[in-house]
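Quick notes on the structure that follows.
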Amino acid sequence: MMQQTEQLSKIMKTHAEDLNSGPLHRLTMMIKDKQQVKKSYVCVHQQIEAEMYKVTKTELEKLKSSYRQLIKEVNSAKEKYKEAVAKGKETVKAKDRCDKATMKLHILHNQYVLALKGAQLHQHQYYDTTLPLLLDSLQKMEEEMIKALKGILDEYSQITSLVTEEIANVHKEIQTSVEQIDPNSEYNDFIDTHRSSEVVEQAIEFDMSLLEENENLQANEIMWNNLTAESLQVTLKTVIEELIQTQQTLLSKEKLVLELEKKLEESSKTCEKTSDIVLLLSQKHALEELKQTVQQLRCSEAKFAAQKELLEQKIQENDGKEPPPVVNYEEDARSVTSMDKKDKVSKLDTIRHSIAGIMRSPKSMLGSSSFFDVISTTVKPLAEQDWYHGAIPRIEAQELLKQQGDFLVRESHGKPGEYVLSVFSDGQRRHFIIQYADNQYRFEGTGFQTIPQLIDHHYTTKQIITKKSGVILLNPVFKDKKWALHHEDVTLGELLGKGNFGEVYKGTLKDKTPVAVKTCKEDLPQELKIRFLSEARILKQYDHPNIVKLIGVCTQRQPIYIVMELGYIVNAILVFKET
């Protein structure tokens, strides 16, 4: 009896160890893989949705806004040209301005037509292929995990099975339940319950209101004329290069898909237990992610191919022809000599070559917003951004944030060279340090080469700053330009004296105006720096002959300057020295 009990105890102990190192360990691994699959799905879904919104909304709205502005400029230039012809003065200059404005409009028109074509295809690909593929991928991974779970539970059932009739009946029920698990139909009820209704694709059409004030442009038609012919050739070359690069990348990714599928097939054959499938889940997840990348590349390939076809068709239609002039200047021709005409052509060619030079930039991609922006705010240095307030104190920054989504960027007082995003969200003023690593600025997501690009990304896409905070940027708070000066605007000269905060210098502005410049030591405690800037805040409120006049403040970097009228400061220092 004792011997059999001891033997039974050993068997139970062995089963417990096998259970812990086998099914329970693999179940823990599968839970982590399941969490990773969910995280990846959410990330990819947000990414393709953001790209969809960017291509079909943001970029088109920017182009339409620029379109309307350029139409106004063209109409204004035409009116000025007519006035110049009527007066017989400066007709050449007026004609050049008219040509330049018209060329800009036609080039932007072409860009808008190409962007529309790309947006139409992107939206169709999104609803027809990209999104369904993502959902199929998620379903496939979940079914694979159910298959792995079935193997784990089967092994669990075998390890814990005992010979007693009571326990044998329990395990019989367990085994029956495990065998009834069908990975292919496990999520059918869930899908039927939560299935979304079919989405009707929105019509992405040319906004006809853009042409109400200009009759020379045609909807969905590439404009080929003496102002755009060269830029169209450059654009076609760029599109072809991007198409070839995309196709090469696509081929390499498709090859990787085949290799990984073959590797998974071979690994599946070597599994000794059904629960060993869980060891392959991470590789299967990588395969599904790779398929998502392939689909996104196919979408890009289709967009570039469509834009290439549109450009080639227009260029081939006019092969061997002389580009037609945009505007007929017959009236002006009567009063212009042949030498004047030659000068006009030369100037027009100069403008056209300048635009072509811009279009030749290797960074000009038809799928990116920077290609279509007439003037992009992200190319401005940080110090020139309206929402950058320099090294202002945290307290002052908080006072400027009053409404939901208000935000600004400032330099940290405690750590010069470190930048902070301050935001008003849900009744609180939040401060986020802008991380810098591997030559990239980021919060916790995508990195960018400059802070303006990072802020513009979160502001235009409405992507949350961090998952934990859920903060979204809505309203940039602009600095008060009345008092804002750059350090480069001030030249320091003679040292006038020293104070608690730093030195006082005689200086000059760019317009040669003499000023007094108070500087703040970089190593001062935080509270003293706040007191230093509070002096400038107080002076902003006064305009009195007996009170020193504030000219401006330099807060873009350390050390901070307070710039004031010179005479009052010099007199005060002389009185102080005499006493």
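Including glycine, each Cβ sits where the backbone N, Cα and C put it.
The structure displayed is predicted, hence computed values, not measured ones.
Record features, source TrEMBL:
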BINDING   LYS518  ATP binding site
COILED    53-87  coiled coil
COILED    280-307  coiled coil
DOMAIN    1-186  domain 'F-BAR'
DOMAIN    387-477  domain 'SH2'
DOMAIN    490-579  domain 'Protein kinase'
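For LYS518 (ATP binding site), the same-chain residues lying six or more positions away in sequence with a CB closer than 8 A to its CB are GLY499, PHE501, GLY502, GLU503, VAL504, PHE532, TYR561, ILE562, MET564.
For the domain 'Protein kinase' (490-579), the predicted model reports an average pLDDT of 81. Reduced to three states, the DSSP call for the residue listed as 'ATP binding site' is strand.
Look at the domain 'Protein kinase' (490-579): DSSP puts its residues at 27 helix, 32 strand, 31 coil.
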